[in-house]
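Trainee: The following block contains the structure, expressed as structure tokens.
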Amino acid sequence: MANNATGLIRIVKAAGYSWQGLRAAWQHEAAFRQEALAALAAIVIACWLDVDVVSRILMIGAVVLVVIVEILNSAIEAVVDRIGQEHHPLAGRAKDMGSAAVL
């Protein structure tokens, strides 16, 4: 599975894979859809509020960070589920830690 793409081709391919990941998160993860819509509302509100630019950037950055962590949590859950559906304490711990990161 060697990937020999370099330069602009590599960047275009990476962007395509990222887009596929966002689409997969939207299609398969209800929590991601909920948080993405809440993030959109929060970003609109942050732009509407009468605050300085730094405060606005910090608010939007915090919202974007939550969405990023939700994507990582969904990826962790997908990998754990891929390994097996049977209950295992380590699998439960991994999922719980991912959920805690989003919190």
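Every residue number used here counts from 1 along the chain in the order it is shown.
Each Cβ is built from the backbone N, Cα and C atoms, and glycine gets one as well.
Just lifted these from TrEMBL, have a look:
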- R10, Y17, E29, E77, E86, H87, H88, K95, D96: ATP binding site (BINDING)
- R10, 14-19, 23-26, 31-35, 48-51, R56, E70, S99: substrate binding site (BINDING)
- E29, E77: divalent metal cation binding site (BINDING)
- E70: active site, proton acceptor (ACT_SITE)
Trainee: For the ATP site as recorded (R10, Y17, E29, E77, E86, H87, H88, K95, D96), determine the largest distance between any two Cα atoms, in Å, rounded to the nearest integer.
Mentor: 39
Trainee: Which number gives the other C-beta atoms within 10 angstroms of the C-beta of D50 (substrate binding site), all protein chains shown included?
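Mentor: Looking across every protein chain shown, the total is 6.
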Trainee: Residues with Cβ closer than 8 Å to the Cβ of E86 (ATP binding site), same chain and 6+ apart in sequence?
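Mentor: Spatial neighbours, sequence-distant, of E86 (ATP binding site): none.
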Trainee: Using a Cβ-Cβ cut-off under 8 angstroms and a sequence gap of six or more, which residues of the chain neighbour E70 (substrate binding site)?
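Mentor: Same-chain residues close to E70 (substrate binding site) (Cβ under 8 Å, separated by 6 or more) are A25, E29, A31, F32, E35, V102.
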Trainee: Note down the number of other Cβ atoms within 10 Å of the Cβ of H88 (ATP binding site), including every protein chain shown.
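Mentor: Excluding its own Cβ, H88 (ATP binding site) sees 12 Cβ atoms within 10 Å.
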Trainee: Among the binding-site residues W19, F32, whose Cβ has the fewest other Cβ atoms within 10 Å?
Mentor: W19
Trainee: State the Cα to Cα distance, in Å, between W19 (substrate binding site) and R10 (ATP binding site), rounded to an integer.
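Mentor: Rounded to the nearest whole number, the Cα-Cα distance is 14 Å.
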Trainee: If you count other CB atoms within 10 A of each CB, which of R10, A25 wins among these binding-site residues?
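Mentor: Per the Cβ count within 10 Å, the most buried is A25.
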Trainee: Using a Cβ cut-off under 8 Å and a sequence separation of 6 or more, which residues in the same chain sit near E77 (divalent metal cation binding site)?
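Mentor: Sequence-distant Cβ neighbours: K95, G98.
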Trainee: Could you tell me the C-alpha distance between G16 (substrate binding site) and H88 (ATP binding site) in angstrom, no decimals?
Mentor: 34
Trainee: Would you mind listing, in sequence order, the residues at least six apart from D96 (ATP binding site) in the same chain with a Cβ closer than 8 Å to its Cβ?
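Mentor: The answer is none.
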Trainee: To the nearest whole angstrom, state the Cα distance for the pair D50 (substrate binding site) and H88 (ATP binding site).
Mentor: 49
